[in-house]
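Reading through the structure tokens given below for one structure.
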Amino acid sequence: MVPVLHSLSTIILIAEFVWGNLSNGLIVLKNCIDWINKKELSTVDQILIVLAISRISLIWETLIIWVKDQLISSITIEELKIIVFSFILSSHFSLWLATALSIFYLFRIPNCYWQIFLYLKWRIKQLIVHMLLGSLVFLVANMIQITITLEERFYQYGGNTSVNSMETEFSILIELMLFNMTMFSIIPFSLALISFLLLIFSLWKHLQKMPLNSRGDRDPSATAHRNALRILVSFLLLYTIYFLSLLISWVAQKNQSELVHIICMITSLVYPSFHSYILILGNYKLKQTSLWVMRQLGCRMKRQNTPTT
């Protein structure tokens, strides 16, 4: 690849890496401080903490995979297992926790009086816990399949860990990992999509009941609907881009197209980095904290640039 393009892509990757760690780190830090001070934390804040931690892990794992891909000859089988399992773990919880957040918005925002809806609404915490525990079945199945495939291939090579065999193993694992991601992502992605459609329906029903002169920014219910829809749309769109970028990256790697592979790696980091920024903008507490941090940084930079007399 042209050195200029390689340098530019490296700068963008580093910028996304820093941005993702800062935005997710802000979510974790602010909510942990509130947890310590108030001795309690709301359900949505608990979800945000674990979601942010999983995304920090996902950002690091994506970067490690990119670096190790450049140094494939130096990877051992055990290192390959750790990298793949860590990526699967962080990707799994990042997706399912975002889905849990979507379901939380669905049951908390709309004013619906169906019996089944009210029953689940008052048990939303138990519903989310059971959903996340149930998702562990898919996680374990995914890891077992990866382990069996890796052990079979390693046995087939007779313990050979040459460069060619490692490149073959890496390609096979990426292919299997992407296939499993496709299959195991169908349920959480569908749940998030259903939540999005039901929120649109709820907003439409709400606007139908409201008089025309009341349909504005002063309507708290409509504002909450729009905020939740903004978060869900960004999640669905960014996760789709994230998955497609991984798929195209794998194809580019097989065809030895380094430029396309690098572009896809850059694109894949947009999901865990920038969706958290959208979550911050949609959360009043986190938004105010981020503005305070930016003001403090601005004041400090201004003081440093002001010449002393």
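Using N, Cα and C of the backbone, Cβ positions are placed for all residues, glycine too.
According to Swiss-Prot, the topological domain 'Extracellular' annotation covers 1-7 (among others), on the basis of sequence analysis.
Summarising the annotation, Swiss-Prot assigns transmembrane segment to 8-28 (among others) and lists sequence analysis as the type of evidence. A Cβ distance under 8 Å defines the sequence-distant neighbours of the transmembrane segment (8-28), meaning residues of its chain 6+ beyond its ends; these are 48-49, 51-53, 55-56, 59, 63, 66, 262-263, 265-266, 269-270, 272-274, 276-277, 279-280, 286, 289-290, 293.
Among the features that Swiss-Prot reports, topological domain 'Cytoplasmic' is placed at 29-46 (among others). With a cut-off of 8 Å between Cβ atoms, the residues of this chain six or more beyond the topological domain 'Cytoplasmic' (29-46) that come close are 101, 104, 108, 124-125, 128, 285-286, 289.
Per Swiss-Prot, the feature transmembrane segment maps to 47-67 (among others); the stated evidence is sequence analysis. Long-range contacts of the transmembrane segment (47-67) within the same chain: residues 13, 16-17, 20-21, 24-25, 27-28, 31-32, 41, 83, 86-87, 89-91, 93-94, 97-98, 100-101, 104, 128, 265, 268-269, 272-273, 275-276, 279, 283, each at least 6 residues beyond the stretch ends and with a Cβ under 8 Å from a Cβ of the stretch.
Summed and averaged per residue, pLDDT over the topological domain 'Extracellular' (68-86) gives 69. Summarising the annotation, Swiss-Prot assigns topological domain 'Extracellular' to 68-86 (among others).
The transmembrane segment annotation in Swiss-Prot covers 87-107 (among others).
Feature annotation from Swiss-Prot assigns topological domain 'Cytoplasmic' to 108-127 (among others); the stated evidence is sequence analysis. Sequence-remote contacts of a segment are chain residues at least 6 beyond its ends whose Cβ falls under 8 Å from one of its Cβ atoms, and for the topological domain 'Cytoplasmic' (108-127) they are 43-44, 198-199, 202, 206, 221, 224-225, 228.
If you look up Swiss-Prot, you'll see 128-148 (among others) marked as transmembrane segment, on the strength of sequence analysis.
Annotation source Swiss-Prot lists topological domain 'Extracellular' at 149-183 (among others).
The feature N-linked glycosylation site is assigned by Swiss-Prot to Asn160 (among others).
The C-beta environment of Asn180 (N-linked glycosylation site), restricted to residues of the same chain at least 6 apart in sequence and closer than 8 Å, consists of Ile88, Asn142, Gln145, Ile146. Annotation source Swiss-Prot lists N-linked glycosylation site at Asn180 (among others), citing sequence analysis.
Residues 92, 95-96, 98-99, 102-103, 105-106, 109-112, 135, 138, 141-142, 222, 225-226, 228-229, 232-233, 235-236, 239, 243 of the same chain lie 6 or more positions beyond the ends of the transmembrane segment (184-204) yet place their CB under 8 Å from a CB of it. Per Swiss-Prot, transmembrane segment is recorded for 184-204 (among others).
Swiss-Prot lists 205-230 (among others) with the feature topological domain 'Cytoplasmic'.
What Swiss-Prot lists as transmembrane segment is 231-251 (among others). Outside the transmembrane segment (231-251) by six or more residues, the chain places 95, 98, 101-102, 105, 171, 174-175, 178, 181-182, 185, 189, 192-193, 195-196, 199, 260-261, 264-265, 267-268, 270-272, 274-275, 278-279, 282 with a CB less than 8 A from a CB of the stretch.
What Swiss-Prot lists as topological domain 'Extracellular' is 252-261 (among others).
Look at Swiss-Prot and you will find Asn255 (among others) tagged as N-linked glycosylation site.
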Take the topological domain 'Cytoplasmic' (283-309) and count its residues per DSSP category (helix H/G/I, strand E/B, coil), listing them in that order. 22 helix, 0 strand, 5 coil
Counts of helix, strand and coil residues, the topological domain 'Cytoplasmic' (108-127), according to DSSP: 12 helix, 0 strand, 8 coil
DSSP helix/strand/coil residue counts for the topological domain 'Cytoplasmic' (29-46): 14 helix, 0 strand, 4 coil
So if I exclude everything within five residues of the ends of the topological domain 'Cytoplasmic' (283-309), which remaining residues of that chain have a CB under 8 angstroms from its CBs? That is, six or more out. 26-27, 30, 34, 48
